[in-house]
Structure formats: C-alpha cells, structure tokens
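This report refers to the structure that appears directly beneath it.
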C-alpha cells in the first residue's frame, strides 16, 4: 500500500525507481546470484541517512543505475570522505570483472580514482568489501566529477545485461587552511581538530559544517535544511519534494453554497482534502450533516 501511494504521487519516472528501490532493497535477501551495493554505514557518512544503495541485485543491474540523470539525484561526496566502500558477492555463480575506466574529469581538483583490488579478476563468492579511493589534488578547491567503468561477464564470457556500468559521481575537494577561531565557528556538532580545522559529524559538510546533506537530493527547487530533510517550495511535497500536490490539498475552505427560501434554509460547506462536509441549517434549528465525496 505504501509503494502504491508513492506511485500515485510521484510523476517523475526515474525518481519513482530510485525511491521505491531504496525502500525495498533493505530487506532483500542476498543469496543465489550477483549483488553489488554500498552499505548503510558508508551511505550515512556522505548523506546522513542509514540506507543501502544497490547497483546490482540478484544478477540484475537496477534500472535507476542506467538512468543518464542518476548523478543528479546523488549527493556530492563531501571533502571529509576520501573513499567509498562497495560490497559484492557472486553467490553460487561465477562472474569475472574488469574496471575498464577510472577517470577524473577535472584533474586539477581530483586525481583519478584508485581501487583497493586488482582492476581485473573474479567476483568473490561471499560478501567482500573493496574501496574506491578519491584523492584530491591538494592544489585547488572545487567539485569534480569522476567516472567508474565496470564490466562483468559470466564464466562463458557473456556480459551481464546492463554492463559495462558507467557511473559518474561528484566529489568535493577543499583546500582549507587552519582557523584560530575554529572552535567558535564549527556548527551542527562539528569539532575543531588539532590542525584547527572543523571535523563535521555525519550528515553535514563544509568548512564550518553548515551544509546539510540530503539523499536523494532535494528536487523541484527544494532546499536541504537538515540531514535527510528537505524544505519544499509551494506546490511540492514529499521527503525529497518529489511529488506535486493539488492547490487545495491539506487546506480547509469554508464558504456559503447558496441560500434557498431565505426564511427556511441555509447551506454551508466545509471543504477539506477530498471530501465536503455539508451543513443544512433549517429555521427550526435542526442541523443535518453529511459527507459528500468531491468529483
């Protein structure tokens, strides 16, 4: 019922896929076939929300991973996070992998990604973690995009449908000098380290930890006001401002309908949500009340 409600409210097809899968996969069994995911603790480091993000589930690349706009829905990896951990397993089947692309699109800010395993090999049978390191150049501050390419093949050399994966993500790099008044400026639970630089808690980023992180990013002009919480503009609703709403939804209007036979009957209605509460007041003070669905 919850998922049905989401489909009714969200009009953006790609957003539906992203949000529903995120809710669903947390309880998915990891047995039988190939899985690739980012675990809860890792996601919380750069989004402030405890959730798993799957790229491959039970041998299938999830549709939202293939969406060319997928990057826009993901948070920027903050400067405090220098790596991303992935977990994968092949289960009872044999798969072979090849990281054929590890690229930075702005090497003045971010060096090419480095992985903690060989670029080619066999996917482990049981769950195993590997890391993608994201080394900043140290020369410039900014946000740089980087790409990861991953080809997965069966033991017969047949590519897994949906691969090679072409992931494009964004990483913040900040060249920050020490601030003698760091201890007075760190916000939202951040603390000043021995180098006089703010260390931010999970869910916040920036020089003084003043920028909250939301995953997926707030949509339709919404702003991230706290970790995982979006403030939506008029006309939009939902945790990520992903759904539109009717102008009268969640509002109550009181108005006179009409007056019939002035001496005997008065009509009044209260409109709230999708129902109209009708009051018919007669001259002898008897009140008849009834709910009427709106067309």
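Cβ atoms are placed via backbone N, Cα and C, with glycine included.
Remember, predicted model here, so these are calculated numbers, not experimental data.
Annotated features in TrEMBL:
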DOMAIN    36-173  domain 'WIF'
DOMAIN    178-210  domain 'EGF-like'
DISULFID  182-192  disulfide bond
DISULFID  200-209  disulfide bond
DOMAIN    211-242  domain 'EGF-like'
DISULFID  214-224  disulfide bond
DISULFID  232-241  disulfide bond
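When Cβ neighbours within 10 Å are tallied across all protein chains shown, the highest count among the disulfide-bonded residues 192, 241 belongs to 241. DSSP assigns residue 182 (disulfide bond) to a helix.
Reported as a whole number, the C-alpha separation between residue 209 (disulfide bond) and residue 192 (disulfide bond) equals 11 Å. Within its own chain, residue 232 (disulfide bond) has 218, 220, 222, 238, 241 as residues 6 or more apart in sequence whose C-beta sits under 8 angstroms from its own. Restricting the average to the domain 'EGF-like' (178-210) gives a pLDDT of 84. For residue 200 (disulfide bond), the nearest neighbour among the listed disulfide-bonded residues (182, 214, 224), judged by C-alpha distance, is 182. In the three-state DSSP assignment, the secondary structure recorded for residue 224 (disulfide bond) is strand.
In this structure, the CA atom of residue 224 (disulfide bond) is 24 Å away from the CA atom of residue 192 (disulfide bond).
A straight line from the CA of residue 214 (disulfide bond) to the CA of residue 192 (disulfide bond) spans 24 Å.
Under a cutoff of 8 A between CB atoms, and with a sequence separation of 6+ in the same chain, the neighbours of residue 182 (disulfide bond) are 192, 196, 197, 198.
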